[in-house]
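Annotated in Swiss-Prot:
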{"type": "CARBOHYD", "residues": "Asn3", "note": "N-linked glycosylation site"}
{"type": "CARBOHYD", "residues": "Asn10", "note": "N-linked glycosylation site"}
{"type": "MOD_RES", "residues": "Ser335", "note": "phosphoserine"}
{"type": "REGION", "residues": "328-348", "note": "region 'Disordered'"}
{"type": "TOPO_DOM", "residues": "1-28", "note": "topological domain 'Extracellular'"}
{"type": "TOPO_DOM", "residues": "50-87", "note": "topological domain 'Cytoplasmic'"}
{"type": "TOPO_DOM", "residues": "109-126", "note": "topological domain 'Extracellular'"}
{"type": "TOPO_DOM", "residues": "148-157", "note": "topological domain 'Cytoplasmic'"}
{"type": "TOPO_DOM", "residues": "179-195", "note": "topological domain 'Extracellular'"}
{"type": "TOPO_DOM", "residues": "217-224", "note": "topological domain 'Cytoplasmic'"}
{"type": "TOPO_DOM", "residues": "246-284", "note": "topological domain 'Extracellular'"}
{"type": "TOPO_DOM", "residues": "306-348", "note": "topological domain 'Cytoplasmic'"}
{"type": "TRANSMEM", "residues": "29-49", "note": "transmembrane segment"}
{"type": "TRANSMEM", "residues": "88-108", "note": "transmembrane segment"}
{"type": "TRANSMEM", "residues": "127-147", "note": "transmembrane segment"}
{"type": "TRANSMEM", "residues": "158-178", "note": "transmembrane segment"}
{"type": "TRANSMEM", "residues": "196-216", "note": "transmembrane segment"}
{"type": "TRANSMEM", "residues": "225-245", "note": "transmembrane segment"}
{"type": "TRANSMEM", "residues": "285-305", "note": "transmembrane segment"}
Amino acid sequence: MDNSSVCPPNATVCEGDSCVVPESNFNAILNTVMSTVLTILLAMVMFSMGCNVEVHKFLGHIKRPWGIFVGFLCQFGIMPLTGFILSVASGILPVQAVVVLIMGCCPGGTGSNILAYWIDGDMDLSVSMTTCSTLLALGMMPLCLFVYTKMWVDSGTIVIPYDSIGISLVALVIPVSFGMFVNHKWPQKAKIILKIGSITGVILIVLIAVIGGILYQSAWIIEPKLWIIGTIFPIAGYSLGFFLARLAGQPWYRCRTVALETGMQNTQLCSTIVQLSFSPEDLNLVFTFPLIYTVFQLVFAAVILGIYVTYRKCYGKNDAEFLEKTDNEMDSRPSFDETNKGFQPDEK
């Protein structure tokens, strides 16, 4: 009998009508390629973020760390706790809760630095908070995950991939450190790298969505609970960050800065950690959450920007600045012409 007429060309064992066809490894290859590309692009984004850090100003905030300390409490206190409360209250699956917590433990994103400039925030504080949260995430993310996932780990329903998370965070810190060095030695080149990195960050999000849509097609059947968490989480971060900063006696412009740094997470990092840490079966359940958070953190950031612009127009620029001077800290507020120039237009 001619087996070639009934067996596929790639069959390995044929006997009559019975054939053994090897499983397609296309998804496995694509998954490996995606993980590698995401890691490289994320390293480029974080390298560019480091190029936005001026070492002497960063050290200045370290010497007067009250603003950074408030930001630290927001970043690694409020956000993980909020993620835990939302996860327990909504009753989502343990693996989904872990991803929500990873998002809550992620450091601030570079987008907050741009928005801080647009809302007349403290640019030096914004960049310093982003840098500090990125460096501290190396220890704080595993610690927060250990504390908040204990109820699921002890019950045996989930295993936290600390090794993958640790490798991702180490790979994150090294490019930031190199970027800081480049900005210290070659500030003009660092400014160009920063702009390239901003574009790379957008490409990274699009790439995650497109390739992820191919690999994890069932992930796009999104539970309403994840939509609800993805909506509430960023607005809770913005609001709680603002009120905690105000409660700590920070001036209005720093309150706006802390609010943005708290609510705007590094979603590219979260997506990369999730991609590297979970099995394809788990990714089908959780892959879309970082994208949901990305959408709503940008939506609410745009709302905040719109409210602030309206406020400035209603009060007038001079009146608005006068109101902020009542904080008695305007004399110490850095001038935008003298602060971080990464987001300034090139001089002609």
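The backbone N, Cα and C atoms fix where each Cβ goes, and this holds for glycine too.
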Contact between the transmembrane segment (225-245) and the transmembrane segment (127-147) (at least 3 Cβ pairs under 8 Å, separation 6+): no
For the transmembrane segment (127-147), distant same-chain residues with Cβ under 8 A (at least six beyond the ends): 46, 49-50, 52-54, 57-58, 61-62, 67-68, 71-72, 75-76, 80, 98, 101-102, 104-110, 112-113, 160, 162, 165-166, 169-170, 172-173, 176, 180, 257-258, 261, 266, 340, 342
Closest-packing stretch to the transmembrane segment (88-108), where packing means Cβ pairs under 8 Å, from 29-49, 158-178, 285-305: 285-305
Tally of residues which DSSP labels helix, strand or coil - the topological domain 'Cytoplasmic' (148-157): 6 helix, 0 strand, 4 coil
Contact check, the transmembrane segment (158-178) vs the transmembrane segment (29-49), 3+ Cβ pairs under 8 Å, seq sep 6+: yes
For the topological domain 'Extracellular' (109-126), sequence-distant contacts whose Cβ falls under 8 Å of one of its Cβ atoms, 6 or more beyond its ends: 45, 48-49, 52, 54, 57-58, 60-61, 67-68, 71, 197-198, 201, 253-254, 256-258, 260-261, 264-268, 298, 301, 304-305, 308, 333-334, 336, 339-340, 342-343
Within-chain partners of the topological domain 'Extracellular' (179-195) [C-beta distance under 8 Å, separation at least 6 from its ends]: 46-55, 58, 131, 341-342, 346
